[in-house]
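Enquirer: The ATP binding site annotation in Swiss-Prot covers K144, and the record cites similarity to another entry as its basis. According to Swiss-Prot, the active site, nucleophile annotation covers D184, on the basis of similarity to another entry. Positions annotated as IMP binding site by Swiss-Prot: D184, D186, D192, T220, D373, K381. Taken from Swiss-Prot, the feature Mg(2+) binding site covers D184, D186, D405. Marked as active site, proton donor by Swiss-Prot: D186.
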Amino acid sequence: MTTRYRVEFASSRPTGKFFTARLNGQTNIFQIEWIKGLLAVPFVLHSQPTAVYQEHSENLVAVAADTHQRYAEIFRDVEKLIDDHSRPLAPPPPPVLASHLTLSVDHERNAAPGKSKLKLLVPTAGSFFSRLPLEDAFKYQDAKRMISRRRFVAPSFNDIRLTLNTAQLLGLVRGPGLDLVTFDGDVTLYDDGACLTPDNPAIPRIIRLLHQGVRIGIVTAAGYTEGAKYYERLKGLLDAVHDSSSLTPAQKDGLVVMGGESNFLFRFDSASPHRLSYVPRPEWLLDEMKSWNQEDITQLLDIAESSLRACAANLNLPVAVLRKDRAVGVYPYDRSKIHREQLEETVLVVQNTVERSVVGSRLPFCAFNGGNDVFVDIGDKSWGVRACQRYFGGIEPSRTLHVGDQFLSAGANDFKARLASTTAWIASLTETVQLLDELEEMQKAEKNRS
């Protein structure tokens, strides 16, 4: 069992770039590297890399089975830590069992979030919107990725990231169900800077979700004020929904586009030549967003623009400044490629500058690395996802899934979505398609089981 191992969270931080996965919950930042450290112990003890075996020998099969068991135990222990820390969907235990030692303490529910073992091991862990069946998720991914059979390559960052995604899907399917799926645009649904074309493999999967009655939101950083611009980027999906004979008008109405992170909402409209109609802000603004006044918005963007110009000059970046209604950013005017380190430096400088301003302390904003540009938007994707939830009648975070590719703390705009919903961290359109296929597979399995 993993209780044999001495877990030192502080020493588990790698000396290189520090990756963190945002699961579901308020301020939940669960360290993938921490889980990686836990799995490193059985890998070192049981992998047998120097043994001279035939690759299909009985000895190797036995080693793989033993390693699988050890990995599964670790994921089960972490799953129990999360249940102990925060189990929002679990019914209260019968009074007769309330004092039994094996029951979850459920510190979040009992107003003692800082006292859980998970909080002691991972101080940044917050509350969770759903359960995470990590042991079952690992067994699912192990069957696909053969993690336990590897003798020279330890469980990787991507192995754990995809296992967490699977656990999140299992938690939704087995728990409250799914009413809303929101997607990032670039990288998640199409290549960076590209468009959603008619042959995109995600389209039939999204239509399948709409057919199930699941609402769909495209929550993108692209801050256009006209539907025509979004039609250019999302034409393949919008035309497919328009032409679909299997979708009812009500199901088609379940598609919206939130632009500028959280600033412009468009609903699907079959009668519009651009398949989209602008939704006036009073129909979807959250109460907190109504206090964002134009004077503060202008002041924050002025500070951000000044910081962007200063940083571009300091780093000698070949960029132009683009000021929009609710955003400001820099992009290469000669289409040259800017180094990632320069983009991240710009993000952090601007973010720090705006955060230290008076207006930055009262007005939400998001500074992010767009791949070859840097932008600052008013609001962020947590507000965008929450606005979609409100527009569709008040969908709960526990019944919402946000799919995106940017979940690093610095310069990543999907990072904040974890405050409003459960999340899945993908790295490409291919992974998005695989995730949606996994979801369908799990839904069918759960239906057959019930």
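In case you wondered, yes, glycine gets a Cβ from its N, Cα and C as well.
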Enquirer: Could you tell me the C-alpha distance between T220 (IMP binding site) and D184 (active site, nucleophile) in angstrom, no decimals?
Expert: 5
Enquirer: I want to verify one value. Collapsing DSSP to three states, which class is T220 (IMP binding site)?
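Expert: In three-state terms, T220 (IMP binding site) counts as coil.
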Enquirer: Looking at the binding-site residues K144, K381, which sits with the largest number of other Cβ atoms within 10 Å of its Cβ?
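Expert: Per the Cβ count, the most surrounded site is K381.
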Enquirer: For the residue listed as 'active site, nucleophile', just give me the three-state DSSP call.
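Expert: For the residue listed as 'active site, nucleophile' - judged by DSSP and reduced to three states - the answer is coil.
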Enquirer: List which of the recorded positions K144, D184, D405 have their Cα within 10 Å of the Cα of D192 (IMP binding site), in sequence order.
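Expert: Matched recorded positions: none.
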Enquirer: Can you tell me the CA-to-CA distance separating K144 (ATP binding site) and D405 (Mg(2+) binding site), as a whole number of Å?
Expert: 21
Enquirer: Relative to the Cα of the residue listed as 'active site, nucleophile', which of the binding-site residues D373, K381, D405 have a Cα no more than 10 Å away?
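Expert: Within 10 Å of the residue listed as 'active site, nucleophile': K381, D405.
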Enquirer: DSSP on the residue listed as 'ATP binding site', three-state: which is it?
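Expert: In three-state terms, the residue listed as 'ATP binding site' counts as helix.
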Enquirer: Where the record says D184, D186, D192, T220, D373, K381 bind IMP, what is the longest distance in Å from one Cα to another among those residues?
Expert: 18
